[in-house]
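Student: Pasting a structure here, questions to come.
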Amino acid sequence: MSQEPLLIDVRTRRAREDGFIPSPYDAAADIDFLNRRARPDRSHVVSIRWGAEDDADAARIKYNKAAKASGLWKRLAVYATITLLACFGLWSYASRPSVTPLPDTAGAVLSKVVSDVAPKKVGPPRVQSEWDTRAQSVVEAFQHAWRGYEAYAWGFDELKPISHTHSTWMNVGMTIIDSLDTALVMGQPEIFQKALNWVAKDLKFDYDGDSNVFELTIRVLGGLLSAHHMTDFKHPELLTRAKELADILLLAFDTPSKLPLESINFATRTPRAANSGAGPGSTAEITTLALEFKYLAFVTGDKKYWDAVETIGKVIAKLDKTDGLAPIFISTSTGEWFSREIRLGSRGDSYYEYLGKQYLLTNDLFYLDEYRKAVAGIRKHLLGISHPNEYFFIGELPSGVVEVFSGLAPKMDHLVCFMPGTLAVVATRGKQVATTAQRLALELVDLLDLELAEELGTACWQQYSQVLTGLAPEIVYWNTKPREMDDTNSTSDPSLAEQEFNRHKLGVSAPRPATASRYVEGVLKNDIPVADVPHRGASLRPPMSGRPIEEDFKIHPQDAHNLLRPETIESFFVLYRVTGDPIWRERGWEMFQAFEKWCKVEGGGYTSLNDVRVEPPPKRDKMETFFLGETLKYFYLLFADPPTNDDTEASRRLVNLQKFVLNTEAHPLPIFQPPKNFQ
């Protein structure tokens, strides 16, 4: 009989009870033996066979003898161990020292010492607040949007959620990159890791077509740099890809004016001007590159990135402007304005945003000065007031600022709703100004800007609340007071809203108020001592009853679409952070519910809409990348608890506005002091 084991069979108790037989095994020869030896009181059972397959009886006899011998030695070892432990216990009892009872005070001290070193009882978990639940709802929305993209558009730029397909814009997986830091902000490591793996292995800059320099900078370059910082530089591949992209984009800056061309072909490395090479360039696109390139210069130490965008700022600063207002087109060949039209919507918006944010990012007072001039011009030339409810809005000047005033066009893009957030964050430098005393400590210009931010934020809210679906259109045209009601010879006193409006038009030339003319607790009041004004009531209009539909503005059919844009919720996030006023959270929650109701697509993803004036709104079948990169991120940051001021992972994740500046695509970049040789 062979002494070598032919089979060692180790199986879980459940597998043995279920009759699972591993292979190779002769079930017919030994199934009865295995069943009889199953031990349900052991988690695992070992069966050993010796000898040939026809030697089963001999194997059992040998196994049983070995088991008996083994059992005897085990019992002897157990008895010996018990005896030794008993002897040790008797010796310990006999040799114990005598103990004198402690007095009560000593006993109390001893009890305190014991309680100090004893494990602390863990209290009940923190009760989840209503806002925690709402923030989690945004996380679930992000997961739903990501699932749709991952299922039907992975690796492509955008998802078409209705048709379960994709669209390609510049072929750089733009939704993936725009979502990197959103996944970090919301604490979604699995999504981040999938996105990171794609960036490291599959991201290629080789698209044979025009790729927009501005969009690539704010979405891709900004997204890579933000994720690199927010992960504490643990993923150098993010910085590597950012440098690779930036070096290609720099080719577009090689122009006589040093102003970049609109697009570049990755395959041929050839830049091209807008309008198929005819030009001119968009002011917003040309000037909205500075945050990303300046931070890249800082983190790499390579000054060429800094110089490229700093040159743009100096060229634009030297051009003639009326009260700081810039036309929306510029020639990249001559470096001169190409039009007179002025607006804060498309082609103009982020020029003003990046003036203020360049100051915040690097503390460069040159850009603060340029920003101040521009805001003064906005107050003087672009500010309007609606009828009948007297909301402040920002209009347009199609012919620019002319000597013979032709009237302010009351057209306002949804894009303009970035302005309340920019005004508020620059006015406060990201700090919370939640009390009247804190407000009065601000410089007059900052106090005015913060109040204007609240006024404009309320007007942006009306673009949602006065629409049937609760979602804003792309453009509104504000109703203004009829000319016969606006007769300057009228003897009627201006309303309190008009008084506020006139004070804002004057700007810093208006006297610093000793009393407050504000809407307080939903009621319009005048001449209230500043010390008695609740901070949350400042400059906010009372809510309208019954939610009238399109009472203060009109929506033209061609402008009725909604693209899932982030500008209004961006401003609500900033206004809540710097004022602490919960009204911005409540308004944001209503907006989020409307997106959930009308834009969520079964199976994954969210869709833009064709017409917000009807219920249900017809769907557009496209999920813009900024819905994940911006809109949902701002909803989450609005509903989540604000971060502390320490330099922790949580502080980075929740974007402390005193430590970060969010670029125009909501990618957080850290505030830094540039090296002296950069300045």
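Cβ atoms here come from the backbone N, Cα and C positions, even for glycine.
Copied straight from TrEMBL:
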ACT_SITE  Glu215  active site, proton donor
ACT_SITE  Asp349  active site
DISULFID  Cys417-Cys460  disulfide bond
ACT_SITE  Glu474  active site, proton donor
ACT_SITE  Glu567  active site
BINDING   Thr664  Ca(2+) binding site
Student: Can you grab the distance from Glu567 (active site) over to Cys417 (disulfide bond)? Cα atoms, rounded to a whole Å.
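Tutor: Pair distance, Cα basis, whole Å: 5 Å.
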Student: How many whole Å apart are the CA atoms of Thr664 (Ca(2+) binding site) and Asp349 (active site)?
Tutor: 10
Student: Which ones in the same chain are close to Glu474 (active site, proton donor), with CB under 8 Å and 6+ residues apart in sequence?
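Tutor: When sequence neighbours closer than 6 are ignored, Glu474 (active site, proton donor) has Asp413, His414, Asp559, Ala560, His561, Asn562, Leu563, Arg565 within Cβ distance under 8 Å.
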Student: Can you count the other CB atoms that lie within 10 A of the CB of Asp349 (active site)?
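Tutor: A 10 Å sphere around the Cβ of Asp349 (active site) contains 24 other Cβ atoms.
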Student: By CA distance, which of the recorded positions (Asp349, Cys417, Cys460) lies nearest to Glu215 (active site, proton donor)?
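Tutor: Nearest by Cα distance to Glu215 (active site, proton donor): Asp349.
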Student: Minimum Cβ neighbour count within 10 Å among the active-site residues Glu215, Glu567: which residue?
Tutor: Glu215
Student: Can you tell me how many other Cβ atoms are located within 10 Å of the Cβ belonging to Cys460 (disulfide bond)?
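Tutor: Taking all protein chains shown, Cys460 (disulfide bond) has 28 Cβ neighbours within 10 Å.
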Student: Measuring Cα to Cα, how far is Cys417 (disulfide bond) from Asp349 (active site) in Å?
Tutor: 9
Student: Around Cys417 (disulfide bond), how many other C-beta atoms are within 10 angstroms of its C-beta?
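Tutor: Excluding its own Cβ, the number within 10 Å is 29.
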Student: Hey, how far is Asp349 (active site) from Cys460 (disulfide bond), Cα to Cα, in Å?
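Tutor: So the Cα of Cys460 (disulfide bond) lies 15 Å away from that of Asp349 (active site).
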